[in-house]
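In Swiss-Prot this protein carries:
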- 111, 115, 300: Fe cation binding site (BINDING)
- 134, 135, 136, 137, 138, 167, 180, 272: substrate binding site (BINDING)
């Protein structure tokens with residue numbers, strides 16, 4: 001079976017074609033970073049308009065690279081949510097239209113399920129069950145994963161997502177958009193131990209998280225110490241260390257609560273080198289394993305949507321004609337899009 005995946009939930013247009021026997025046949029991605037850079041963040045209307053321009057050409061390019069025709073496809077998967085409603089509607093409209101024209105099922109995919117399953121595209125995929133740490137610009141959550149579609153949310157951020165905190169803190173420090181990766185790079189030049197940031201909500205039981213207070217702490221630290229280059233690097237180091245420590249502490253608790261030994265980390269922040277290293281240390285300490293996707297599949301992409309869509313298609317999770325998008329869609333309520 002073959003399926004095409006369409007990702008348009010935010011500011012990346014991603015298209016991929018996946019074969020359940022041969023694996024990934026093609027993968028195309030267009031990033032809108034330059035489009036939004038002058039605004040310091042994603043402008044939803046601009047994002048939607050750009051998806052309209054880029055999606056069809058990328059679909060043609062992906063099909064040409066994979067050497068497939070519409071007759072070779074068994075389904076069209078698209079991100080149905082969560083995300084920016086206008087951006088989602090572009091992908092949903094195109095996806096459902098193509099499914100109708102090609103007489104194949106339309107398969108709505110949950111964006112975070114796509115991230116969660118992205119490591120399955122690797123040569124050494126994680127076996128079920130495992131604990132997933134999903135860390136992106138819009139979501140940060142810990143999920144117990146028993147199998148595909150069997151998810152239990154263990155904890156999540158009650159305010160800013162980790163990726164959002166990285167980007168907002170980077171903006172406070174005068175870094176360009178998107179600031180998260182730039183802050184991480186600046187942190188590599190930082191001096192360990194000069195500044196000590198709090199580890200929010202780690203002094204109490206539970207698996208929920210909070211990162212918004214770290215922005216205020218960063219602003220106060222800058223105000224008290226200046227913003228010369230080395231000080232900025234030291235602050236970046238302390239901020240990143242606080243976020244990573246918090247995530248690792250919560251991961252450890254989640255593993256203890258579930259009795260599991262395997263951790264999957266996915267989403268844009270899963271590309272962070274420090275977070276990966278810290279989770280590797282945790283896994284080694286407890287005799288566990290940590291899995292994550294290759295860097296290009298950490299951020300939004302069509303490959304993860306195509307893979308997740310294939311699993312949904314095999315399970316019969318397809319939708320009738322009619323347009324639906326879910327800007328807000330809990331990952332433990334996946335069946336609601338078909339109803």
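Residue positions begin at 1 at the first shown residue.
Glycine too: its Cβ is placed from the backbone N, Cα and C atoms.
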I'd like to confirm something. Which of the binding-site residues, 111, 115, 300, has a Cα closest to the Cα of residue 180 (substrate binding site)?
300
Long-range neighbours only, meaning 6 or more apart in sequence with Cβ under 8 Å: which ones does residue 111 (Fe cation binding site) have?
7, 9, 79, 81, 82, 83, 300, 305
Within a 10 Å radius of its Cβ, which of these binding-site residues (134, 135) has the fewest neighbouring Cβ atoms?
134
Residue 115 (Fe cation binding site) as reference: those binding-site residues from 134, 135, 272 with C-alpha within 10 Å of it:
134, 135
CB within-chain contacts under 8 A for residue 137 (substrate binding site), separation at least 6:
10, 161, 163, 164, 167, 180, 268, 269
Specify the secondary structure state of residue 167 (substrate binding site) as given by DSSP, simplified to three classes.
helix
DSSP three-state call for residue 272 (substrate binding site): helix, strand or coil?
coil
